[in-house]
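The following features are taken from Swiss-Prot:
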BINDING   A16, Y17, S18, G19, G20, L21, D22, T23, S24, A44, G126  ATP binding site
BINDING   Y96, S101, N132, R136, S185, S194, E270, Y282  L-citrulline binding site
BINDING   T128, N132, D133  L-aspartate binding site
Amino acid sequence: MSNAVKKTGVKKVVLAYSGGLDTSAIIPWLKETYDDCEIIAFCADVGQGEEELVGLTEKALASGASECHIVDLKEEFVADYIYPTIATGAIYEGTYLLGTSMARPIIAKAQVEVARKVGADAVCHGCTGKGNDQVRFEGCFAALAPDLKVIAPWREWEMRSREDLLAYLAERDIKTSASATKIYSRDANAWHISHEGGELEDPWNEPSKGVWTLTVAPEDAPNEPEYVSLAVKHGRVTHVNDEALSPYAALMKLNDIAGKHGVGRIDITENRLVGMKSRGCYETPGGTVMFAGLRAIEELVLDKTSRTWREQIAGQMSHLVYDGRWFTPLCKSLIAASESLAESVNGDVVIKLYKGQATAVKKRSPNSLYSESFATFGEDDVYDQKHAEGFIRLYSLASRIRALNTK
């Protein structure tokens, strides 16, 4: 590969770098493929864990990068990407809380910002040609920086397996901690961790205990429930168990609490954007609790038409996020409308955690539309039940006319 005629036209490229096997191989490949090309490594800290960042700069430089930029995006990710998404009620195909999908636009945006800062003329990612992420990243690049060249090595090089990558690095004396026996492909951030590959590729195989990393097995969770209280302001959690916390810190605390009770596991076969189906196991402990809490308060404060509208756009928003269309006018509009509704989502909620379940058992709100005096079956001075007769006649008028016309 190093003896091939080198390409020209790219002098400086910013690579989305994780330190894993793929991106470790991409750095020398870029240097060998493009003539006189400088590689800038970029890593987005979206809450994947401190252990993932230790030694990252040294590893990037040893692989041939001239610089490594690690950008802390944790608070911005939760505040400006997670909360706007869950405000719309978006859940992909009724189950998936979009953990990987939500992280891609902020990573792409930060990558473009680094590219502008260092004067790069190209960006590069390590996504495979079979997955969703290539579309998400490149869709964001197109929206934010259409002038930058996009390099996708997995669609260009001849390597096809982990063994190929390991041999490639060994030939160049580039050290890696990866091995050919890696079982699962994982992607982690503050919201969740995903698991794919290995025995999971056969949907008849039950996930082994070794798959899960954030949550205990529900059957092994404590035999006594735990109650966690959330204070919510404008659709965002501000306090956990009466402790004021930043958006990111609140999510981390809930991840820890809920994970101990086996909350937030799903095992799904989803429809990928590129046309194929894939199986994934996801853990979203804190996010599951947040979602349950916010939905409980919404039940108190949103009227029927508002909730109906929100349910209608939830599916559309889930596809926009999943398909990498974050930086589009429609996505921006749906978020703005949903956050307007969230202005009244204020109050307190108590979530019961028990063996994999997160259930809202107490809720209150200063904006509540629920009235015990209205809802009671007892006598009251507010609602005259006789008024229902006229309403019902008008409400059923079309049905009445249709029936008369068919006689």
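Cβ coordinates come from backbone N, Cα and C, glycine included.
Keep in mind that this is a model prediction, so the values were computed, not measured.
Features recorded in Swiss-Prot, as mapped to the structure shown.
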{"residue": "D22", "record": "ATP binding site", "DSSP class": "helix"}
{"residue": "Y96", "record": "L-citrulline binding site", "DSSP class": "strand"}
{"residue": "S101", "record": "L-citrulline binding site", "DSSP class": "helix"}
{"residue": "G126", "record": "ATP binding site", "DSSP class": "coil"}
{"residue": "N132", "record": "L-citrulline binding site", "DSSP class": "coil"}
{"residue": "S185", "record": "L-citrulline binding site", "DSSP class": "strand"}
{"residue": "E270", "record": "L-citrulline binding site", "DSSP class": "strand"}
{"residue": "Y282", "record": "L-citrulline binding site", "DSSP class": "strand"}
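Within the same chain, residues at least 6 positions away in sequence whose Cβ sits under 8 Å from that of S194 (L-citrulline binding site) are G99, T100, R186, D187, A188, G280, C281, Y282. Counting other Cβ atoms within 10 Å of each Cβ, the lowest count among the binding-site residues S18, S101, T128, N132 belongs to T128. Distance between Cα atoms for S18 (ATP binding site) and S185 (L-citrulline binding site): 13 Å, as a whole number.
The CA atom of G126 (ATP binding site) is located 12 Å away from the CA atom of R136 (L-citrulline binding site).
Among the binding-site residues A16, D22, S24, the residue whose Cα lies closest in space to that of S185 (L-citrulline binding site) is D22. Taking D22, Y96, R136 as the binding-site residues under consideration, the smallest Cα distance to T128 (L-aspartate binding site) is found for D22. Counting in whole angstrom, E270 (L-citrulline binding site) lies 25 from G20 (ATP binding site) by their C-alpha atoms.
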